[in-house]
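Going by Swiss-Prot, these are the annotated features:
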DISULFID  Cys178-Cys202  disulfide bond
DISULFID  Cys192-Cys253  disulfide bond
DISULFID  Cys244-Cys257  disulfide bond
DISULFID  Cys350-Cys471  disulfide bond
DISULFID  Cys382-Cys392  disulfide bond
DISULFID  Cys465-Cys475  disulfide bond
DISULFID  Cys545-Cys556  disulfide bond
CARBOHYD  Asn284  N-linked glycosylation site
CARBOHYD  Asn329  N-linked glycosylation site
CARBOHYD  Asn400  N-linked glycosylation site
CARBOHYD  Asn448  N-linked glycosylation site
CARBOHYD  Asn507  N-linked glycosylation site
SITE      Arg180  site 'Binding to the glycan motifs of the host receptor'
SITE      Lys242  site 'Binding to the glycan motifs of the host receptor'
SITE      Glu264  site 'Binding to the glycan motifs of the host receptor'
SITE      Tyr323  site 'Binding to the glycan motifs of the host receptor'
SITE      Tyr369  site 'Binding to the glycan motifs of the host receptor'
SITE      Glu407  site 'Binding to the glycan motifs of the host receptor'
SITE      Arg422  site 'Binding to the glycan motifs of the host receptor'
SITE      Arg512  site 'Binding to the glycan motifs of the host receptor'
SITE      Tyr540  site 'Binding to the glycan motifs of the host receptor'
TRANSMEM  35-55  transmembrane segment
Amino acid sequence: MEPSKLFTISDNATFAPGPVINVADKKTFRTCFRILVLSVQAVTLILVIVNLGELVRMINDQGLSNQLSSITDKIRESANMIASAVGVMNQVIHGVTVSLPLQIEGNQNQLLSTLATICTSKKQVSNCSTNIPLVNDLRFINGINKFIIEDYATHDFSIGHPLNMPSFIPTATSPNGCTRIPSFSLGKTHWCYTHNVINANCKDHTSSNQYVSMGILVQTASGYPMFKTLKIQYLSDGLNRKSCSIATVPDGCAMYCYISTQLETDDYAGSSPPTQKLTLLFYNDTVTERTISPSGLEGNWATLVPGVGSGIYFENKLIFPAYGGVLPNSTLGVKSAREFFRPVNPYNPCSGPQQDLDQRALRSYFPSYFSNRRVQSAFLVCAWNQILVTNCELVVPSNNQTLMGAEGRVLLINNRLLYYQRSTSWWPYELLYEISFTFTNSGQSSVNMSWIPIYSFTRPGSGNCSGENVCPTACVSGVYLDPWPLTPYSHQSGINRNFYFTGALLNSSTTRVNPTLYVSALNNLKVLAPYGTQGLFASYTTTTCFQDTGDASVYCVYIMELASNIVGEFQILPVLTRLTIT
């Protein structure tokens with residue numbers, strides 16, 4: 001780079017042009033500059049101090065002081081108002097979410113108790129339309145359809161000996177008689193029960209009658225509950241009702257059945273679903289029965305069958321379990337053609353290529369036994385305020401969330417909906433789902449299913465679908481064994497192992513024998529209590545638990561189909577036990 005024409009560098013460290021300044025002069029200049037800077041800083045500091053003093057004087061001035069005091073008072077007043085408003089809001093929130101629901105429930109229980117007290121009768125004078133009100137004993141009202149255990153802690157259980165009480169379920173009265181397919185529903189005010197009375201052994205496609213009863217829970221002198229029957233209806237009108245499901249409704253019972261006089265396999269092979277019947281039986285002896293054709297039935301289903309297990313009355317709607325065969329080229333059949341659900345037991349998985357297992361799981365929905373129809377679960381939903389005009393619809397869950405359709409039960413516990421599905425296909429374990437409905441005023445309602453992973457025991461099955469099989473395959477097997485949840489299920493990690501339920505299982509992997517009462521967690525059985533002798537033949541079981549809130553005792557009624565060597569092939573027996581929880 002070319003040197004600058006304005007500056008040249010000399011050996012004596014001076015710069016040109018301009019006068020030459022020696023080192024001593026430079027030091028003097030630096031000293032003067034520093035003194036000047038310090039002086040400016042000192043003057044600035046003095047000015048700041050003076051201004052602060054003036055500000056203090058102004059603050060101490062009476063006028064400004066009064067203004068500041070007024071502002072402070074207003075701020076304090078506003079703060080007090082805000083605190084008061086927040087307090088009121090907290091009281092409102094607590095009242096709406098805690099106090100009011102408890103008060104309403106208490107008032108409801110008191111009202112039911114008062115009705116039970118004043119609704120009495122004498123021989124000549126009665127102040128009620130019936131002799132005994134349709135109201136459970138007050139000790140049980142608030143312990144029905146509630147989770148017995150609210151926490152997620154670890155508990156131990158013991159099942160007491162069966163309590164001696166009169167059976168509310170009649171048996172067959174001849175060696176050739178047959179009573180089968182019990183369905184039981186316990187509501188807050190009363191209970192409903194039904195079973196099929198088959199006239200020719202247990203061939204339910206021939207001729208049968210339907211037994212229906214309703215009653216209340218009362219306390220015996222021994223201190224434990226008894227199922228007191230108040231009304232009985234025996235439907236003997238020539239209609240062969242099958243697979244009936246029962247539900248408690250206000251002032252009575254609702255029952256969903258289908259009518260058929262042919263084999264179940266023939267129903268699936270057909271193209272038009274059998275007649276669907278909805279029967280309403282009230283405490284004043286009124287019986288109303290209607291043929292229903294729920295939306296979504298015609299053109300989609302070859303057959304539709306009630307789920308046998310009980311339904312529920314929920315949010316002014318009547319909900320029953322159902323299942324059946326879907327026509328392959330129907331709208332529903334095309335929509336669900338590729339849907340399947342393949343649960344896996346992580347403690348005992350099925351080996352093989354995943355794609356192959358998925359294909360086998362899909363094929364399991366189309367068993368050849370049912371003419372290769374897709375066997376699908378569903379829910380019959382009827383608006384209660386339009387029940388006399390039977391405004392019902394079929395709500396169909398996705399097969400990506402459920403296994404092959406089968407018998408089932410809808411449960412309502414602590415305002416939470418659960419669905420039991422019989423393990424009729426290849427999956428051998430108990431099938432229980434949490435469910436939630438989305439109802440619409442117009443258009444199709446929907447339901448979401450959330451599977452609860454249970455691996456504690458298996459049901460008996462035949463052929464390739466025994467209790468030991470865990471791999472997908474097409475079959476129709478298993479048996480109806482519904483459970484009763486004792487605790488709410490939580491999806492939160494780490495606490496699901498303390499989900500408990502009880503029921504009656506059949507302790508065999510291949511044969512319907514050895515009825516056994518149990519309490520179970522998700523992955524292991526906690527208690528086993530065999531009923532009867534080893535090898536006793538049995539079939540369907542349904543379980544309901546409730547609590548005596550007077551002394552906190554927990555009772556469960558296990559209704560079981562047991563073999564009978566005296567009257568008929570089966571005797572339906574309600575086994576009442578006390579469940580101890582520690």
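Glycine is treated like the rest: Cβ placed from N, Cα and C.
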Spatial neighbours of Cys257 (disulfide bond) among the recorded positions Lys242, Glu264, Arg422, Cys465, Cys475, Arg512 [C-alpha, 10 Å]: Lys242
Coarse DSSP state, helix versus strand versus coil, of Glu264 (site 'Binding to the glycan motifs of the host receptor'): helix
Tertiary neighbours of Asn448 (N-linked glycosylation site) (same chain, Cβ under 8 Å, six or more apart): Pro397, Gln401, Ile435, Ser436, Thr438
Recorded positions near Glu407 (site 'Binding to the glycan motifs of the host receptor') (Cα-Cα within 10 Å), from Arg180, Glu264, Tyr323, Arg422, Arg512, Cys545: Tyr323, Arg422
Which recorded positions sit within 10 Å of Cys475 (disulfide bond) - Cα, from Cys192, Tyr323, Tyr369, Arg422, Asn507, Cys556: Tyr369
Count of other CB atoms lying within 10 Å of the CB belonging to Cys253 (disulfide bond): 25
Candidate recorded positions Arg180, Tyr323, Cys382, Cys465, pick with smallest Cα gap to Tyr540 (site 'Binding to the glycan motifs of the host receptor'): Arg180
From Cys202, Cys253, Glu264, Tyr323, Cys350, Tyr369, the recorded positions whose CA lies within 10 Å of that of Arg180 (site 'Binding to the glycan motifs of the host receptor'): Cys202
Conformational class of Glu407 (site 'Binding to the glycan motifs of the host receptor') under the three-state DSSP mapping: coil
